[in-house]
Amino acid sequence: MKHGIYFFDHSVLTTAIQDFTAVIKEDPSNSLARLYRGRAYAKQQQYRNAIEDLGAVIDLDPSCWLAFYHRGCLLQQSDPKKALQDLSVSVLINDTWENFYSFLHRGIIYTELCQWSLAVSDFESVLALDSSVVFAYLNIGLILLLHLHRYYEAIQRFTDAIEIDPLSVRAYIGRAQAYHKIQNLPNAVKDINRAIHLYPNKSQLYILRGQYLIEMKQCELATLCIQQVAEMDEESFTFQPVQRALIHSFCQNYDKAIQCLREATAIQPEPSVFVVLGKIQIKAKKMKDALRSFKKAKKLLMTSAKVLPNTFEAAEIYYLIGLCHMEKKSLLQANHAFSMAVRLCSSYPDAFYQRGLCRMQLRQPTCIQDFNRALALCPSHFQAYMTCAAYYGSKGRYSKAILNCNEAIKIFPNSARAYFYRGTLKYQNKTFKGAIEDLSKALDLEKTCILAYYNRAICYNKIKDFKKALKDYGIILLLESSQEIAFEVFINRGLLYVELDDYANACEDFKKAALLSPEDSQIFQAMGICYHRIHEFEEAVRSFDQALKLDPVSVDAYVGRGNSYMEKGHETDYKHAQKDFLRAIHLDPLCIKARICLGYNLQALGKLQKAWNQFTVTICIDPKCHDAYDGRASVCLQVGETFAAFQDTNAALKLTVTAPLLTNRGFINQLMGYLPCAMKDYQKAISLDPNYALAYFNAANIYFCNRQFSQAYCYYSKALQLDPRNESALLNRAITNTVLNNIEEAEEDFEKAISLCPFSAAAYFNRANFYNRLKQYELAEKDISTALSIQPNDALLYKFRADVRAKLGFNKEAVEDYKQAISIQEHVDAM
């Protein structure tokens, strides 16, 4: 099953289908295998097989919303009513963000069925789940504008779309048309100007602007628009009726333009006029009428033998017929028309190119032959090279795609798009430095290309140039990017900060991402982990709480919250943590992480047998889990089973060799009295991880016990360099400095140790010894008294204070201390 899913995810569909078929033969009731096979069939356009598999999934598991969703998508064109039923069941089962595409597709079907209110309702549902879907805003706006005549609401929807995607030409045009409907012509012209700025070669936009300027009685500007259009296509103005028709066409008065041309064809029916008529009908989205016009032109061109001449004019008619069929998504008819065009004129590069596009959509591998033929006829066909690059890129042949981009760049050396696409291909080919060079060139040509900054940041991340990656992410956020891109930037930059162990900044980025996508539980989970790492455990708990509200069955969130409770350290928090670990195990009984955490939790609560049992169960589930052996070893140590702890630690080391495990085994050897073996383990741990402070500390303790004080001093210093807050290392180094007669350093270490742990009786006791050695008896008496206030029932402390007081001449107080020491010791012996 995993084998099949792997190939499905990598689009090796034939192999994936074979694997899923094998699974189904072994287990005919395996609904997951049928679901994946059905989706694979759908991708291969084997729709009947796909529908059969998805139907079987629904029979086996009626609660599988994915099966209903995919079957609904497949039936969208052939059986809209059945598709509506399937999509409705899918959203009934799962109405969360995960399934917002069901609402989207259902809205499209309602639109095609002219059920406008229902369509708007579904697109609103999409936005409630994901407010960054521009397509939904556009569709709502168009329905409100064209069918429901609610123009002010339409303007708001197009404005929302523009806020998310400031480069959406359709949104600007839609909003301009809505402004036109409410006679707000200045704003309509502003929006059309923005659209022209984005797409300066679209003649329809100039036509709209001219129409609005005429209505505003700005005739000179309107005339300029018409002249601009005329300069785009001067040869179309040969005859007066055709010229008038084109002017009307540019002003988007298509009906008048069509009327002019029909009058012209009635007087003098010529193929060229019918061709112009068909082109205007294409602009008017009257594809059926355009097809009729082209067929009439074709009929007029036919010879007496009912055969079309092998001329460019005849080929162009078939080419235009193909464009109509492409617009209607009638790909087979379009393919036939383009084939006729190249048959009539074998040197027609655009016809070969369009047929290649058509075949590409039909998933026919011969499309690449058409692109190559177009390039052979027109070696400067920039778009053909770019499309070849896209084709090879989609097939994973990145080197071949890059070569086509190279040729496109030779034609247009200043094409930002070509450099951008070549950069993305080099990224896919894992040549990250080359990708950075191309994306940088694209940015030199188009300095506000957000996607180029985004992809370059990812490339910098891959080559570990984190500073430059952070800079690019920052630039994207300054460029007023869409919410969708900003969301991706916050997520990626947050993950980059995590990689740099900068959890505070990572947390800030995840918080901003959560504002853009408040329904994404994974973001809150990441925030919880970051708060945990920066020791803000209350905030961590709150973040995991939110993650669990959004996804109540998230095992990782329960484990994360449990660990945060554990770090808070109170008994009630331990109990809360235990509940979370138990919930995680209830959801996934095989979750190793949850069981290990539960084991440590039980150990912290003093339930050692239960902790031991939990680690043992974990080992039974996964005999190669070294963490479970390590946990059980710690329990064994706590109950005094030193040899059992040694065995478990050895078992863990057979599975993996790490500095903490070697240090643990060294400590056990030290407890058993095998000091050479312990030192050997500590030295191995240090060589494996020179930054592991505990290994240095334990090795220093052995050196201290062996009276090798100089070596002990060096190792304590290294441990403190790596972990400056280790009060035990500070105290031990202070004692070592005392032995080495480093008086000033010893005093400084004692001071630091007491400031880190002001309630440690041992720290005050050892400093008292230090002062006693220096014959500073008053300071020694003060420290030993502080130690006694912290630990009042210690006979040794009373005896020591008695000795110090005797030296100070406080004989009466010294006698009382001796008596108290004897009394405590007798009480201890009696017990």
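Cβ atoms here come from the backbone N, Cα and C positions, even for glycine.
Counting only same-chain residues 6+ beyond the ends of the repeat 'TPR' (31-64), those with a CB under 8 A from a CB of the stretch are 1, 4-5, 8, 11, 13-14, 16-17, 20-21, 23-24, 70-71, 73-75, 93, 363. The annotation repeat 'TPR' is assigned in TrEMBL to 31-64 (among others).
Feature annotation from TrEMBL assigns repeat 'TPR' to 169-202 (among others). DSSP states for the repeat 'TPR' (169-202), grouped as helix (H, G, I), strand (E, B) and coil, give 27 helix, 0 strand, 7 coil.
Residues or ranges marked as repeat 'TPR' in TrEMBL: 416-449 (among others). When Cβ-Cβ distances below 8 Å are used as the criterion, the repeat 'TPR' (416-449) is approached by residues 382, 386, 389-390, 393, 396, 398-399, 401-402, 405-406, 408-409, 455-456, 458-460, 462-463, 479 of the same chain, each at least six residues removed from its ends.
In the repeat 'TPR' (487-520), the DSSP tally of helix, strand and coil residues is 27 helix, 0 strand, 7 coil. The repeat 'TPR' annotation in TrEMBL covers 487-520 (among others).
Residues or ranges marked as repeat 'TPR' by TrEMBL: 521-554 (among others). When pLDDT values are averaged over the repeat 'TPR' (521-554), the model yields 93.
Feature annotation from TrEMBL assigns repeat 'TPR' to 659-692 (among others).
Per TrEMBL, repeat 'TPR' is recorded for 693-726 (among others). Per DSSP, the repeat 'TPR' (693-726) is made up of 27 helix, 0 strand, 7 coil.
Sequence annotations record features per position, and here TrEMBL assigns repeat 'TPR' to 727-760 (among others).
Residues 727, 731, 734-735, 738, 743, 746-747, 750, 753-754, 800-801, 803-805, 807-808, 824 of the same chain lie 6+ residues outside the repeat 'TPR' (761-794) yet bring a C-beta within less than 8 angstroms of a C-beta in it. Residues annotated as repeat 'TPR' in TrEMBL: 761-794 (among others).
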What are the DSSP helix, strand and coil residue counts for the repeat 'TPR' (521-554)? 27 helix, 0 strand, 7 coil
Positions whose Cβ lies under 8 angstroms from the repeat 'TPR' (727-760), at least six residues beyond its ends: 693, 697, 700-701, 704, 709-710, 712-713, 716-717, 719-720, 766-767, 769-770, 773-774, 790
Can you name the far-off residues of the same chain, 6+ from the ends of the repeat 'TPR' (659-692), with a Cβ under 8 Å from a Cβ of it? 626, 630, 633-634, 637, 642-643, 645-646, 649-650, 652-653, 698-699, 701-702, 705-706, 722
